[in-house]
Amino acid sequence: SRPQVRGAEPASAAPAAARDTRAPSHFDYERFRQSLRHPARGRRPPEDPETRARRMKVKEMMKFAWDNYKQYALGKNELRPLTKNGHIGNMFGGLRGATVVDALDTLYIMELEEEFQEAKKWVEKSFDLNVNGEASLFEVNIRYIGGLLAAYYLTGEEVFKSKALELGEKLLPAFNTPTGIPRGVINLGRQDTPSLFSPCSGMSWSWGWASAGSSILAEFGTLHLEFLHLSELSGNPVMNIRKVLNKVEKPQGLYPNFLSPVTGNWVQHHVSIGGLGDSFYEYLIKSWLMSDKKDSEAKTMYDDALEAIEKHLVKKSAGGLTYIAEWRGGILDHKMGHLACFSGGMIALGAEHAGEEKKQHYMDLAAGITHTCHESYARSDTKLGPEAFRFDTGSEAMATRLSERYYILRPEVVESYMYMWRLTHDPKYRQWGWEAVKALEKHCRVEAGFSGIRDVYSATPTHDNMQQSFFLAETLKYLYLLFCEDDVLSLDDWVFNTEAHPLPINHTNFKAKAGMQ
């Protein structure tokens with residue numbers, strides 16, 4: 001997900017990747033594959049024809065999205081489906097092919113073999129990392145690093161690993177601050193000295209719009225999963241920004257969205273589970289799960305944060321809808337963003353591992369939030385949800401501002417359906433997912449791809465001419481998994497990063513022992 005631009009997602013600690021990607025890596029891929037409890041694509045037991053037909057429909061949508069991107073925009077970052085051309089944008093610092101890298105694992109899991117080979121070939125032949133431009137550390141990490149790592153773990157193809165390590169090294173200068181909390185923007189220009197402490201040209205700075213040169217919680221908090229794997233594959237140690245977060249005082253136990261990378265203090269007291277804050281919390285519980293439940297620090301931080309969120313931010317509307325408000329220096333803003341709708345799935349995932357007395361409580365909370373997010377879809381003319389919805393006027397779970405009525409193919413609501421289905425097997429979640437598929441087909445599918453829409457409350461919405469890369473990485477992947485058996489990308493083996501790229505749970509240490517190569 002993305003900060004404001006797209007919505008960030010919850011996170012925890014940031015590690016430092018490769019110092020020298022040329023050093024031989026002794027990761028034992030075969031041993032890793034054998035440790036998986038289920039084949040990544042599942043075993044495909046007999047199933048009912050309706051579920052299979054729905055899964056095949058989602059697969060067809062993916063093929064349609066990919067084929068049009070390939071035809072009109074291959075090598076650009078995203079497809080503009082109405083004008084049938086490509087979009088580069090300014091988030092990725094000169095990197096290209098965001099849709100290719102974001103789509104790799106989805107194509108693989110859906111067994112779109114030919115399309116996967118097309119994507120792999122582009123990465124091998126055309127993916128140039130020698131670029132010079134300003135990039136979002138957060139976006140490059142979750143989309144490019146996450147996508148390359150997932151493709152490597154799913155296939156064992158070395159090209160994905162080597163590109164991930166090389167790109168990870170280019171991100172390190174962002175951490176060169178007095179606190180080790182990274183700044184949000186990195187110049188990907190070549191570093192003559194690939195060291196964390198003497199970055200040569202890898203300049204970094206904070207977003208111009210971020211409060212007083214601060215770093216954004218969801219951005220610096222959404223690095224840990226990917227950098228842990230970069231560290232594992234490269235043999236270089238991890239940097240941990242959690243120590244700063246543990247030291248700094250949290251108002252009411254809450255984590256504000258802006259922190260100074262210079263002083264390590266909060267810059268202001270705006271708290272949000274939506275954009276700017278979201279994936280920080282997500283990466284806490286996922287860090288613990290990815291460590292095979294050994295990273296107790298992450299679990300404690302998650303438990304404490306969730307307790308504070310529930311105490312201060314979780315509210316029930318007059319109409320009985322559970323939602324998570326935003327907190328501005330002690331004053332509640334009764335608004336929930338589409339980006340915050342990932343939290344139903346996150347809370348359900350965490351509930352699985354809470355004590356018995358709390359487990360049902362958190363599953364009920366997760367179900368309540370997911371129900372509210374479904375209502376934001378059900379109450380619109382298109383049956384797709386707005387960017388943000390409010391509870392402070394007569395209407396509930398609806399956008400009240402023109403600027404919040406758009407839908408840009410976001411995944412967070414169907415992401416929560418997928419987790420809720422896996423953890424409860426209540427058939428309503430598959431039904432809700434199918435409603436979303438039908439709405440996407442009716443309102444977002446155009447002649448040459450899928451497009452976001454400008455007003456979900458218009459029966460004939462206008463299109464925004466953008467097929468976001470996360471539509472292929474996340475929205476279609478989560479919908480596909482919703483209609484799969486539970487052993488496809490099993491939650492026993494994989495944790496999804498905030499761009500839905502599956503990273504393996506560390507069941508054991510896969511570094512080959514010396515002499516056992």
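Glycine is treated like the rest: Cβ placed from N, Cα and C.
Any TrEMBL annotation is an automated prediction that lacks curation.
Since we're looking at a predicted model, the values are computed, not measured.
Per TrEMBL, the feature active site, proton donor maps to Glu139, Glu387. Summarising the annotation, TrEMBL assigns active site to Asp278, Glu412. Per TrEMBL, Ca(2+) binding site is recorded for Thr498. Here TrEMBL flags 34-43 as compositional bias 'Basic residues'. The region 'Disordered' annotation in TrEMBL covers 1-53.
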At the level of the C-alpha atoms, what whole-angstrom distance separates Asp278 (active site) and Thr498 (Ca(2+) binding site)?
-> 10
What Cα-Cα separation, expressed in whole Å, is found between Glu139 (active site, proton donor) and Glu412 (active site)?
-> 16
Between the residue listed as 'Ca(2+) binding site' and Glu412 (active site): CA-CA distance (Å) | 10
Out of these active-site residues, Glu139, Asp278, Glu387, Glu412, which one has the fewest other C-beta atoms within 10 Å of its own C-beta?
-> Glu387
Expressed to the nearest Å, what is the distance separating Glu387 (active site, proton donor) and Thr498 (Ca(2+) binding site) at their Cα atoms?
-> 18
In all the protein chains shown, the tally of other Cβ atoms within 10 Å of the Cβ of Thr498 (Ca(2+) binding site) is 33
Per DSSP, how many helix, strand and coil residues does the compositional bias 'Basic residues' (34-43) have?
-> 2 helix, 1 strand, 7 coil
